[in-house]
Ligand code: NAI
């Protein structure tokens, strides 16, 4: 069990990619805290699955866009588990609109959750890691859209590109303390987020992917697992695409 006795916090862990990450890290022996915003029932169900691996699980409600709530969440985890060894900033939302139809609120909401949310959690977790002298891992779930842009996603692309900039900056700041910060950039993955796409859009997207299919949440979870274990101890500040060859 390569992650035995480690503690991992996965934001937005009650479904989709976050859930797959929580289960994968639990299967490697890590105790798991998932953060959820609204759906306590789904979060509790994920915790039951997590605990079936013989590790501890805890679900904490918190809107990652709120700085103070993130501070309190990290304090709670420190009291319950003593530390956070792995943080996965996965919580994310979309508010897709063409730029001329996108309003101030659409832009800010996406930046607040997808980018500021990752800052809010990273800041408090990194502080705890430094205090406890933990050789920690932070993995940010970005997107290929942050690398190449996408029609209707100026807000989302800005947030995901910003997350890559933050990943590299934090990697430079914290590398000397052996805290590694990396990002994963998924392409199209089968989750609730992509369920809303029309058949026509899905077909068009699939034809543009060399592997001709969307990925699964588990595909992303495998990379996060690699970036969370000692196997990746000399890797920091990197962005790993998980996109069936969409961006190369
Ligand atoms: P999803 O919509 O199924 O899951 C997102 C999770 O974030 C949900 O559990 C939701 O409750 C949580 N969340 C949203 N706002 C929150 C907030 N304010 N505070 C706390 N939690 C909050 O979507 P999916 O696909 O699992 O996405 C996970 C991550 O992967 C997101 O960051 C997304 O941008 C990213 N991603 C997804 C891709 C896809 O094709 N599905 C592609 C590239 C990146």
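Yeah, the Cβs are placed from backbone N, Cα and C, and that goes for glycine too.
Listed features, source TrEMBL:
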ACT_SITE  156  active site, proton acceptor
BINDING   12, 13, 14, 15, 63, 64, 90, 156, 157, 158, 159, 160, 189  NADP(+) binding site
DOMAIN    6-187  domain 'Ketoreductase'
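Where TrEMBL records a feature, it is marked here on the structure.
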residue	record	Cβ contacts under 8 Å, 6 or more apart
12	NADP(+) binding site	18, 35, 36, 37, 64, 90, 91, 92
14	NADP(+) binding site	34, 36, 39, 42, 43, 46, 59
63	NADP(+) binding site	37, 69
156	active site, proton acceptor	94, 95, 96, 110, 114, 143, 145, 150
157	NADP(+) binding site	143, 145, 146, 149, 150
159	NADP(+) binding site	92, 110, 111, 113, 114, 115, 146
189	NADP(+) binding site	16, 17, 214, 215, 216, 217, 219, 220, 242
**Report entry** Annotated binding-site residues 12, 14, 63, 90, 157, 189, filtered by Cβ under 6 Å to ligand 1
**Finding:** 12, 14, 63, 90, 189
Report task. Quick one: give me the count of other CB atoms within 10 A of the CB of residue 90 (NADP(+) binding site). Result -> 30
Query raised in the report: For residue 189 (NADP(+) binding site), which DSSP three-state class applies?
Result: strand
Report task. Can you see whether DSSP assigns residue 12 (NADP(+) binding site) to helix, strand or coil? Result -> coil
**Report entry** Residues 12, 13, 14, 15, 63, 64, 90, 156, 157, 158, 159, 160, 189 binding NADP(+) per the record - widest CA separation, whole Å
**Finding:** 25
